[in-house]
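A.B. asks: Before I ask anything, here is the structure I am working with.
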Amino acid sequence: MFKQWEGFQDGEWTNDVNVRDFIQKNYKEYTGDKSFLKGPTEKTKKVWDKAVSLILEELKKGILDVDTETISGINSFKPGYLDKDNEVIVGFQTDAPLKRITNPFGGIRMAEQSLKEYGFKISDEMHNIFTNYRKTHNQGVFDAYSEETRIARSAGVLTGLPDAYGRGRIIGDYRRVALYGIDFLIQEKKKDLSNLKGDMLDELIRLREEVSEQIRALDEIKKMALSYGVDISRPAVNAKEAAQFLYFGYLAGVKENNGAAMSLGRTSTFLDIYIERDLEQGLITEDEAQEVIDQFIIKLRLVRHLRTPEYNELFAGDPTWVTESIAGVGIDGRSLVTKNSFRYLHTLINLGSAPEPNMTVLWSENLPESFKKFCAEMSILTDSIQYENDDIMRPIYGDDYAIACCVSAMRVGKDMQFFGARCNLAKCLLLAINGGVDEKKGIKVVPDIEPITDEVLDYEKVKENYFKVLEYMAGLYVNTMNIIHFMHDKYAYEASQMALHDTKVGRLMAFGIAGFSVAADSLSAIRYAKVKPIRENGITVDFVKEGDFPKYGNDDDRVDSIAVEIVEKFSDELKKHPTYRNAKHTLSVLTITSNVMYGKKTGTTPDGRKVGEPLAPGANPMHGRDMEGALASLNSVAKVPYVCCEDGVSNTFSIVPDALGNDHDVRINNLVSIMGGYFGQGAHHLNVNVLNRETLIDAMNNPDKYPTLTIRVSGYAVNFNRLSKDHQKEVISRTFHEKL
């Protein structure tokens, strides 16, 4: 045993890398209230004031600065500080806060476009290296893409794919750095490498190469930390070191990679063990414990990546998805709520509301009531928290999983994900009606589909064609994803993050869908109303609708059952096709903010949505159609089965404060009851916004009045001022429930 482990109860974790066992043996469940919490220290105030000044300057400029000379890497940059005298946790991606990295490994053209957008130019040397000598992920992907994939991508059926940006959604077990130190982790990886024996064929050769890269990455992380004067070769000795060591593990990931989602994992309960030991030994006070957490969170709030304009259309508001998964319940029935669960959420008060880190509460009916009420209060005050159903994820992933990006569960350090963007199911329906021809470009996208020529659309005929399109697109989607992730592993491998995984990991292939509610409502309109297509040159470009129809979002099984059938069908079709590295097929109903861009690529649909108008986000009902109140809307979404959508079912829920009650305590209790009822039905995810539409309209027109206004959008939170006008208008047009 290491001397740094004195005071901890031993177990399997002392012999093998097993952070879960360490947590289960050592954490202390907290069932009390928030009364112990402390405000920010003077050091924290000074550091945060300087950070806010830089953030506001960045907001005006778009980005603050970029290093155009240095190629991204774990230890490529000199140390950077914000306020060296007052920083309790140190480390930035580059040599200065908010200075962004140029990462050419995903694609040199993308890096150059990103720089050009903000008035910067890549260095001649970097351009030369990645144009003439070093192939990139993007080049590899497009070398291998089939013509069918290129057509579907261009038409906006398969789009937003991680072929032009880092895939992300990989969570290193950064806790391992604090618990074991880098030297022990290197030693364990070397043992693994020596045991990787057998017939030297593709998979074994690749894995041996990857583990060798992981060992080098661990050494680079150690060197990077030493540049800040911190020795992470051995385990952390106290809470401050544990947070710092863990952060260096995460920092290596965001220095090396610019993945779409660079999530943190499940760290609050882990760090609480160190804080409790220090408090018991009189080494720190509660003020100092909160200071460590506040300053750790400040660092996470300042993570940035360089993005293309096209990327910003997909993922609006400059998100990084530093997702932290909080609470949940252990397999033994004890909740994983600790005082540190409160401290993390309390940063939303000490530092003000913010979109990052992406605070995610793993909700269970067995969480302490005091914690449920605290979470609800924080949601009402800050609109910064999302909730995910631990009771349906725990049986699949155990009690040491975390959320990647928005809604995607995986076991920390044991699973990784191949992120797959999404397929536009609303567009697929138009392809079914038009015989596989794109309604906007007039090009053939899906072969062997006859156009529907009836004067009034027949539900059974349309559904038959629609399912044929879904069958074809599922196969094409899997093939496309296989190419992308083969090339990402080859040309943009995440060595630092994968070094903090078990050597033999589970892999999840994360497919997604957009236009879910539009597709369901459109089929409902065809079935229950009379829908006549309007054609130009044989292509349906509009619809005339007679009569009404049931709309998804009103707890009406006539249409909700159609919605469920769609996801079940697409999930089943995906699973018929083999995946790269035998990854498990998963599916999400999640759009991020790409529902606006997808809408621009999608023609008029039978439900009455007009050409170019946004789709609804995630699994949400279409804007304004959930007329029966908040509970009916939630009930519809709760019917979408997690069993066929294990990558997540995203629901963004906005309610005006008065609908929850006229008194603060009443609002808290009502919100707890709403979430209890929703998750009790097996629903998966809920973004919670408690605010008035008028506030957002005023913020759009007077942004200076609301410099830190944070809202939940689709699986993440965003600073409202960072959204484009199109995205702001789309958010404002969503349903704000005025009654339960």
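Cβ atoms are placed via backbone N, Cα and C, with glycine included.
This is the feature table in Swiss-Prot:
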type     : residues : note
DOMAIN   : 1-610    : domain 'PFL'
ACT_SITE : Cys405   : active site, S-acetylcysteine intermediate
ACT_SITE : Cys406   : active site, cysteine radical intermediate
DOMAIN   : 617-740  : domain 'Glycine radical'
MOD_RES  : Gly715   : glycine radical
A.B. asks: Measuring Cα to Cα, tell me the gap between Cys406 (active site, cysteine radical intermediate) and Gly715 (glycine radical) in whole angstrom.
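C.D. replies: Roughly 4 Å, rounded to the nearest whole number.
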A.B. asks: Which whole-number value in Å describes the distance between the Cα atoms of Gly715 (glycine radical) and Cys405 (active site, S-acetylcysteine intermediate)?
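C.D. replies: Cys405 (active site, S-acetylcysteine intermediate) has its Cα 8 Å from the Cα of Gly715 (glycine radical).
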A.B. asks: Roughly where does the domain 'Glycine radical' (617-740) sit in mean pLDDT, to the nearest integer?
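C.D. replies: A mean pLDDT of 96 is what the model gives the domain 'Glycine radical' (617-740).
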A.B. asks: Which of the three DSSP states, helix, strand or coil, fits Cys406 (active site, cysteine radical intermediate)?
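C.D. replies: The three-state answer is coil.
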A.B. asks: Looking only at the domain 'Glycine radical' (617-740), how are its residues distributed among DSSP helix, strand and coil?
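C.D. replies: The breakdown for the domain 'Glycine radical' (617-740) reads 57 helix, 19 strand, 48 coil.
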A.B. asks: Including all protein chains displayed, how many Cβ atoms other than that of Cys405 (active site, S-acetylcysteine intermediate) lie within 10 Å of its Cβ?
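C.D. replies: Other Cβ atoms within 10 Å of Cys405 (active site, S-acetylcysteine intermediate): 28.
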A.B. asks: Run through the Cβ atoms and count how many others sit within 10 Å of the one on Gly715 (glycine radical).
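C.D. replies: Its Cβ shell of radius 10 Å holds 31 other Cβ atoms.
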A.B. asks: Looking only at Cβ atoms, how many others are within 10 Å of the one on Cys406 (active site, cysteine radical intermediate)?
C.D. replies: 29
